Amino acid sequence: MAKRPESSVGYSATIPPPQQGTVQSPIFSPPPFPTTTTGPIFPPPPIVQPNQIPSPSIKTPNLPSPANGVRTGSPAPHLSTPPGPPVFSSPLQPAAVPFRTSPATPQPVAYSSASSLPTSSPPQFSNGSVDLHHQSSDATEDWTPATESPNVLFSAHKVLKQKKLANIPSLGFGALVSSGREMSPGPQMIQRDPHRCHNCGAYANHYSNILPGSGQWQCVICRDLNGSEGDYVASSKEELRNVPELSLPSVDYVQTGNKRPGFFPVSDSRVSAPVVLVIDECLDEPHLQHLQSSLHAFVDSLPPTTRLGIVTYGSTVSVYDFSEESVASADVFPGNKSPDQESLKALIYGTGIYLSPMHASLPVAHSIFSSFRPYKLDIAEASRDRCLGTAVEVASAIIQGPSAEMSQGVVKRSGGNSRIIVCAGGPNTCGPGSVPYSFSHPNYAHMEKIALKWMETLGREAFRKNTVIDILCAGTCPVRVPVLQPLAKASGGVLILHDDFGEAFGVNLQRASGRAAGSHGLLEVRCSEDIFVSQVIGPGEEAHVDSNGTFKNDDALVIQMLSVEETQCFALSMETKRDIKRDFVYFQFAFKFSDVYQSDITRVITVRLPTVDSVSSYLESVQDEVAAVLISKRTLLRAKYANDALDMRVTVDERIKDITSKFGSQMPKSKLYRFPRELSVLPELLFHLRRGPLLGSILGHEDERSVLRNLFLNAGFDLSLRMVAPRCLMHRQGGTFEELPAYDLAMQSDAAVVLDHGTDVFIWLGAELDSQEGKGAAALAACRTLAEELTEVRFPAPRILAFKEGSSQARYFVSRLIPAHKDPPYEQEARFPQLRTLTAEQRTKLKSSFLYFDDPSFCEWMRSLKVLPPEPS
């Protein structure tokens, strides 16, 4: 180790129904259907690309906004500069966020007093259990809250009783479950141990039948009677309303005591959970300038107590020392091999300071970033030596620090997850986990296989040490996404691609550093005995938990969460084991994790859904958007490569035909079926899926599609929905916005349009409006403001592109809209009533402007499947 003064620079599981009295092991297989195939916002960069409209500088007030980056109210807040605030003539729907995939199987749970999430089971009273229905059912019926928890979204608000219809895989039934989605007001906090069923481990909840005189409560999952140690003894049922878990659908049990011998709690999370930047120093000058600008803004945005480390890598690894104030000083490791323990020990126990709070070392951090120099050798970007794997190993070592405090022999446990954020401009080509420069290398396939395994092992080791690794890539050099993805995925982090190291990169750098909500996460899922979870998609893996010693018959599905964050979500597919006889089914989800202040949190969410015999009643309760997201996640899970994506488009077609044949209505005197009217939005959402960036051919490189699919599989509902189907908002006079269908008919020359597609937001300015200098500039400014409002805290932060009608970049916008200009006039006018006022000449002019993307429209696609589109509502 040498000193140098300056530097140059998801998992998925398919689960069979558990047999009574046995614990099933997980079976990993494809989904069952089908078998046929808090800091300041970064300012916009001053660079304007060709054919791209420069965005005016608009000051946006620093106002609180939902965790998913979208304001859900109708009028937007007032802005400090003109034009006026965005006002919506139709209500905005929530936007979006990112997640991952993970396996799950019915396993017994082993926690006596720890917390968990909502459970569900129907209140059946048989096999000798006591029936309390007539005695105390109204104790909860009268004051059951009408609102559901935003952390759990079901694809339908009712469940079909008939197994044969309920388990039709083309439509399916399931839920999107998020641990940390922001709620207003937040869950009620309870500082005592929860009451749990002695038989199955479920938690007492607001649907439990209570005997106020004795305080006994009946489990909604297994229907056993349980005692409450006097907590539920009351003179009347009204008294029970003061007990949080008996009156609210979601509660948090909090344990603040330190129950871990040998660990020393640290109260301030930002002191105990550091952030280490691992920076590529093989960048050319233009990229380096953008990166330096983003890094300077990043450290300025960090809270003063945040501990920061800086590591750079090229052919060697440099660890910067914050104790040197006058010069950028670093300890250097060779990059062609993993660091040996002696070198790491000398580093950690030496005199240098490698993690330092910002309030003490902000000037030093700025001087380090300013010392970076561009790559000088005449070597192609893809061929430069980059020892990324070694650099991550060193960064992980300085986060862990000394293994124990020698004086007391105790270990300090981080509050929340530590973070390593890799800023990469090219592939890992040197040292462990590396691949050859060229694909033509005779041993490339074998070396790639070794690299994949090594990267996954490194990621799992980071996860074991409560460290999340995010990889932010930028520039034009391929980074070999398949090799880097396992490193981020196994640690609970994400991999994101950027065009450059500018605005979007800087925003994501800031948001990545502060998005952690907790660590040591477990998710428990319990359902009524007639329901079982058949598949899990999300950021976790199977948890091996044995609770037989605590609970007699705990069949909970237990998932180990790779990290606990607001921007994550699990997609659960569910099936029925038999025809359901009861009027309700119950679901309980329990999230157990340690928050950033080292408190042990158990978030319990309980949901009850009615069961119905009527197919029409069930279809009316289907939430089209939630169902579309669940279907899309199951579909994308099987689209690992470009050829798979083509097959999955056929799968979407087959799904539409199957839903129509099972639930649609046959037309009189015809063999054709009409898609069910109750699901009128679903086919259009799936049409966007099959032609959009996730399955379509809009994106040019498979690496881009791969990164997008991985983000989607782990994303929450809002971001997932936007990634499937874009949201189209047209600017109106007076600074208002109207939400329109995402069809190219919205591209009217006298209008400005914002298209939110999750990871991209496009602003299109019509030529006629642009020619009116004052109006065009005002409309563009309002659109830019709206785009920033919609994505204010979204992660990953989308790129925002603006362009004029007729420019070459406008194809990005047109390609994401459904081409309806060839539809008959009556179908066009059904979606856009304002077209009725156009003259023949104006209509011809409108059609002539669509020159970029000529694909079958939605109605043509439905007819090609021999399916009639649903009747308009």
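Keep in mind that glycine also has a Cβ here, set from the backbone N, Cα and C atoms.
Automatic prediction, not curation, is the source of TrEMBL annotations.
Feature annotations, reproduced from TrEMBL:
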type     : residues : note
REGION   : 1-145    : region 'Disordered'
COMPBIAS : 112-123  : compositional bias 'Low complexity'
DOMAIN   : 194-232  : domain 'Zinc finger Sec23/Sec24-type'
DOMAIN   : 276-502  : domain 'Sec23/Sec24 trunk'
DOMAIN   : 519-611  : domain 'Sec23/Sec24 beta-sandwich'
DOMAIN   : 625-721  : domain 'Sec23/Sec24 helical'
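Residue counts of the domain 'Sec23/Sec24 beta-sandwich' (519-611) by helix, strand and coil are 0 helix, 57 strand, 36 coil (DSSP-based). Between the domain 'Zinc finger Sec23/Sec24-type' (194-232) and the domain 'Sec23/Sec24 helical' (625-721), the number of CB pairs under 8 angstroms, six or more residues apart, is fewer than three, so the stretches are not in contact.
On the 0 to 100 pLDDT scale, the model's mean across the domain 'Sec23/Sec24 helical' (625-721) is 90.
DSSP assignment over the domain 'Sec23/Sec24 helical' (625-721) gives 65 helix, 4 strand, 28 coil.
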